[in-house]
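Asks: Below are the features I grabbed from TrEMBL:
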- B:7-27: transmembrane segment (TRANSMEM)
- B:59-90: transmembrane segment (TRANSMEM)
- B:64-269: domain 'ABC transmembrane type-1' (DOMAIN)
- B:151-174: transmembrane segment (TRANSMEM)
- B:194-215: transmembrane segment (TRANSMEM)
- B:250-271: transmembrane segment (TRANSMEM)
Amino acid sequence: MTETAIIHPSKEAGSAVDIVRVRKDFGSAVGVADVSLTIRNGEFVTLLGPSGCGKSTLLGMIAGFVTPTAGKIVVDGADITDLEPYRRDIGMVFQSYALFPHMNVHDNIAFGLRMRKLPAAQVEKEVARAIAMMKLEGFEARRVRQLSGGQQQRVALARAIVIRPKVLLLDEPLSALDKNLRAQMQVELSELHRKTGLTTIFVTHDQGEALSLSDRIVVMNKGAVQQVAAPIELYRQPANGFVASFIGEINALPPGRCELKDGTASLVLPGVGPLVFPTAPATGFAPGRQVRAFLRPEHVRPVLAGEAGPNVVTGKVEAHIYQGSHTITRVVVEGIGLVETRVTGAEIVASAPVGASLGLAFDLSEAVLLDTAD
Amino acid sequence: MIQKRPFFITFLAPAVLTAVILAAAIFEVLQYSVREFVPGSLNVGGLTLENFARINRPIYWWVLADTFFISLLTAVFSLLASYPVAYALVRAKKDWVRSALVSLSITPLFTGEIVRTFSWMLTLGTDGFINSMLRKLGLIDMPIQLMYTRFGVVVALVQFSMPVMIILLATAIAHVDRDCERAAANLGASPSAVFWRVTLPLTLPGILSGIVVVFAWTMSAFSTPQLIGGGKILMISNLAYLQGFSVLNLPFAATLSLIALVCALGSLALMKTITGRIERRLAVN
């Protein structure tokens, strides 16, 4: 596929979707609580959160299948809050794909164009282009039931992009695929986004998919937005305890007090002692403040028991979780609790058997400091 | 290890017994159909094929054709009348609407055929509900002939078959993937386009089985054409009844019954083939 196949040449920067204080109540339960969000043209934004967090409800409101209780949704400058779904020009890939079982691949893809009453010749041209883009050549006459999961996925994508939607909505489209196919479809999705430049809103509960695909991630929980940030920022600087523990693995240290003495910043944990910051943390640190520190397992390094040094604590190995390329070792440290450390290879399984004592060196340069209330 | 099922035979016994009795009865009909008719006697004579030869007369062919025609009309009109009801029954948002529709469409099943046919006679008669209403409204001077017409018979048969049709259609409609309808709307299909392009094709298996069942069921209708047709509209069961219990020609009645049975099974098989082909082509299942 050459670059001439671009469906939307990159538009000038601007907002494609504006979600303004949108709210959805289900009886007395809150589905989505006053969410505001601006999505830029051509952006790939992921709504991430556990099931029941409101991400699918929010997507349903953008597509028009769910009516908001309050607030408004603006797409391309037009208020579409009360517009019927079929007038919205928003493409959507459903979790179940929702392909029409009584039509073949070609007719599935042509459906949206035919509904727009395009001349037959143009329908054929557009369908052929979408089929080429999704690498579905030769499958035109197949029944959708005869396709594999990955092929169905591509038909669903072709059907959604062929109408040149203003926004593309993806509702957990990878969840029905097996692991290898999922990885491959992630690459294809990201390629598709690059080629088409379509503003894309992707819903998932899988943080791996979110981190690898998105320009920005919207983390949701209990109907409310927890944090909106680029993947790297989200991983390194989570806004609260929920985001910290939802994105990747993280060790939550018990609450401690920030101290600044002779230019050295440290975190004093009761019953453990001071942990020293190599350089004063940029955010969250204030002398005397009570904070909770969050530390990724890759920033906890196992050291030989008895080896002294700054930020070294000793605990007892509880378990090893061997994962091929790396091993996660769980260590119980008095005064802190369970700490996970992550090292490459499997040597640690032999050198520090379960029950042995193991020293852990905390690298606080990447620690995230949050209010004890968060 | 194969699990022993000690009660298996016991549980099967009633079904086997019923099947054996039915087979014996059909064999008896078969046996009667090849016997000689002895006028003035209920006893039958020797073996003969004359009963089958007798079928080959315009009057009998006409009754057979009419039976097919009435069954087909009933199936089609029953479908047209039942689809909206079934659709509303499945899709109504309010619980009480759904329960009301369920009771309204199922209750007729529990009133006997005779009761229902009698109600239709009261409705369709020259002094019946329809005619007196039309007369009071000043729309007609003379009563319209509704009783003893094919129209009247079909109307009553349609109403008679609707509960079954509604159940079959409702099942099919309930199985339609709502996401497919949402996807169609998302792709720009208006609500009516969603119905014609997605919902209706996806319920085609239900529509076809509804037509087959109602058709076959109507083929064997007896009391409705008997009472509302009043001898002017004869379906094959009425003809068999006439021969068996008025003329007392049991062998010929048996032959007619046998032909009715063969026709019903034959048309079922034919329709099954056709619908199977359509379903495969649509690949809905």
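Even glycines carry a Cβ here, placed using N, Cα and C.
Note that TrEMBL annotation is computational and uncurated.
Surface or core, plus neighbours and distances: that's what I need for these features.
Replies: Residues 261 of the same chain lie 6+ residues outside the transmembrane segment (B:7-27) yet bring a C-beta within less than 8 angstroms of a C-beta in it.
Remote same-chain partners of the transmembrane segment (B:59-90), defined as residues 6 or more beyond its termini with a Cβ less than 8 Å from a stretch Cβ, comprise 97-98, 101-102, 105, 150, 153-154, 157-158, 161-162, 165-166, 169-170, 173-174, 207, 210-212, 214-216, 218-219, 221, 225, 233-236, 239, 256, 259-260, 263, 267.
Beyond its flanks by at least six residues, the transmembrane segment (B:250-271) meets 26, 29-37, 42, 44, 51-52, 54-55, 60, 64, 67-68, 208, 211-212, 215-216, 219-220, 236-237, 239-241, 243-244 of its own chain at Cβ-Cβ distances under 8 Å.
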Asks: For the transmembrane segment (B:151-174), find every same-chain residue at least 6 residues outside the stretch whose CB is under 8 Å from a CB in it, and list them.
Replies: 70, 73-75, 77-79, 81-83, 85-87, 89-91, 105-106, 108-109, 113, 116-117, 120, 124, 199, 202-203, 205-207, 209-210, 213-214, 217-218, 221, 224-225, 228-229, 233
